[in-house]
Amino acid sequence: MNVQNEKSMTVRGKDRYKSGVMSYKKMGYWEPDYTPKDTDVICLFRVTPQDGVDPIEASAAVAGESSTATWTVVWTDRLTAAEKYRAKCYRVDPVPGAEGQYFAYIAYDLDLFEPGSISNLTASVIGNVFGFKPLKALRLEDMRLPVAYVKTFKGPPTGIVVERERLDKFGRPLLGATVKPKLGLSGRNYGRVVYEALKGGLDFTKDDENINSQPFMHWRERFLYCMEAVNRAQAATGEIKGSYLNVTAATMEDMYERAEFAKELGSVVVMIDLVIGYTAIQSMSNWARKNDMILHLHRAGHSTYTRQRSHGVSFRVISKWMRLAGVDHIHAGTVVGKLEGDPLTTRGFYDICREEYNPAQLEHGIFFDQNWASLNKVMPVASGGIHAGQMHQLIQHLGEDVVLQFGGGTIGHPMGIQAGATANRVALEAMILARNEGRDYVSEGPEILAKAAASCTPLKQALEVWKDVTFDYASTDAPDYVPTAVPAA
Ligand SMILES: O=C(COP(=O)(O)O)[C@H](O)[C@H](O)COP(=O)(O)O
Ligand SMILES: [Mg+2]
């Protein structure tokens with residue numbers, strides 16, 4: 001069906017405001033002749049209408065219910081600049097290879113949104129509409145954020161450039177590890193893991209998403225022992241080290257108290273989980289900015305609504321919101337590890353975090369050109385089931401401005417935690433050296449690692465223990481458009 005060619009059906013004049021129910025497309029939420037303004041926010045939704053529901057009407061309903069409409073005509077529209085405030089669906093395309101699904105492009109006037117508030121933005125664009133009965137499913141795939149709107153956000157408090165300057169670490173990915181087991185260690189044993197991992201060569205260690213203040217280890221214990229470990233590791237290595245102290249808690253007051261204590265102890269970084277919510281994230285961002293602190297975001301919970309392609313919110317949209325909201329680190333996928341991560345889709349997430357400007361690139365899932373208007377860049381974090389033997393692939397897929405985090409892949413090392421950290425550091429440095437020498441480090445990767453391992457027993461053992469570990473499963477969240485060969489000019 002060529003849905004694109006349906007003409008405008010907007011009813012105009014006094015008939016528009018007669019009491020009663022009128023289809024959304026007649027109420028003015030379908031405007032195929034509309035050209036979005038530079039200042040409009042644009043959303044791309046994947047709409048799956050119920051059987052028998054016209055895709056244009058379903059898409060117009062999404063525009064209506066995410067902006068000004070209700071289910072019936074209301075005369076009070078006439079007290080407003082209704083034509084301006086109505087979101088306008090201006091284009092509907094069938095999704096390639098997915099029968100019954102449509103991409104609906106919807107433009108929203110900038111005045112519909114409070115400046116600098118992710119909560120306000122999301123209350124509109126994902127507020128009610130995902131439960132609308134005429135739709136089987138709905139997914140927010142991408143957004144174009146106008147520069148005028150981007151400029152109302154402060155963005156990441158530190159950014160990649162300043163983070164590297166503060167840490168005095170350049171020209172290579174940073175290395176981290178999530179302390180394992182996730183739950184159950186006492187403060188003192190937890191601190192031992194942190195010390196060994198940092199002393200062995202990592203830059204960062206990290207609390208896991210669900211480490212807060214449990215009976216086996218209250219938060220102050222954790223902070224005290226972690227910072228003792230950080231300070232000792234710094235003294236032993238002469239390098240700046242950090243441990244992401246997770247300040248996630250039940251209330252803002254608790255989070256501020258924990259963050260203040262982290263600062264008092266000299267930490268360079270604090271951590272929050274995505275589940276704390278957008279307002280709390282923006283508040284913590286303000287705190288981090290005021291206190292010269294790196295703010296690490298673990299995307300705990302995101303897969304509940306980002307992973308399935310037909311319903312929810314794409315992680316590329318969450319990445320955009322988080323760059324606006326202002327976090328310095330965000331978990332963005334590993335490609336090769338244990339968790340969901342199609343290579344091309346993941347590339348799109350990384351570009352959103354790290355580029356000044358994103359050109360539309362359908363094969364990476366990026367539908368719009370996006371200018372970031374000099375907002376700081378977010379350091380993506382690759383974490384989840386990665387190990388030293390994948391170093392060449394990690395650098396190939398994820399580049400240089402990234403934190404590579406090996407939890408099990410450090411702490412599970414047969415010779416112990418320090419050895420696990422050393423294996424990762426040596427593998428990384430060998431690979432970066434090979435890259436800098438202009439070698440084809442991707443295809444020669446296994447050889448480069450083997451050569452480095454010849455003089456590094458910890459790396460040799462890591463490669464041996466984990467050599468067969470791969471997570472080769474089909475990706476759920478792959479792009480809808482495949483790259484096409486372009487004939488030579
Ligand atoms: O605990 C881990 C990783 O542990 P390990 O390194 O032992 O696998 C993190 O919570 C996940 O990486 C989160 O996933 P994501 O980074 O995809 O959000
Ligand atoms: Mg975890």
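In case you wondered, yes, glycine gets a Cβ from its N, Cα and C as well.
Classification of Lys180 (active site, proton acceptor) by DSSP places it in coil, neither helical nor stranded. Annotation source TrEMBL lists active site, proton acceptor at Lys180 (among others).
In the structure as shown, the Cβ atom of His298 (active site, proton acceptor) sits within 10 Å of 26 other Cβ atoms. In the three-state DSSP classification, His298 (active site, proton acceptor) falls within a strand. Feature annotation from TrEMBL assigns active site, proton acceptor to His298 (among others).
Within the same chain, the residues at least 6 positions away from Lys182 (substrate binding site) whose Cβ sits under 8 Å from its Cβ are Asp208, Asn210, Ile211, listed in sequence order. Under the heading substrate binding site, TrEMBL lists Asn128, Thr178, Lys182, Arg299, His331, Ser383.
Taken from TrEMBL, the feature Mg(2+) binding site applies to Lys206, Asp208, Glu209. The secondary structure of Asp208 (Mg(2+) binding site), as reduced to three states from DSSP, is coil rather than helix or strand. Asp208 (Mg(2+) binding site) has a Cβ environment of 19 other Cβ atoms inside 10 Å.
Look at TrEMBL and you will find 159-466 tagged as domain 'Ribulose bisphosphate carboxylase large subunit C-terminal'.
Counting Cβ atoms from all protein chains shown, Lys206 (Mg(2+) binding site) has 29 others lying within 10 Å of its own Cβ. If you look up TrEMBL, you'll see Lys206 marked as N6-carboxylysine.
For Lys338 (site 'Transition state stabilizer'), the same-chain residues 6+ apart in sequence whose C-beta sits under 8 angstroms from its C-beta are Gly384, Gly385, Phe471. The site 'Transition state stabilizer' annotation in TrEMBL covers Lys338.
Checking the recorded positions Lys180, Glu209, Lys338 against ligand 2 with a 6 Å cutoff on the Cβ atom leaves Glu209, in sequence order.
A Cα-Cα distance of 11 Å separates Thr178 (substrate binding site) from His298 (active site, proton acceptor). Listed in sequence order, the binding-site residues among Asn128, Lys206, Asp208 whose CB lies under 6 angstroms from an atom of ligand 1 come out as Asp208. In the three-state DSSP assignment, the secondary structure recorded for His331 (substrate binding site) is strand. Taking the domain 'Ribulose bisphosphate carboxylase large subunit C-terminal' (159-466) as a whole, pLDDT averages 97 in the prediction.
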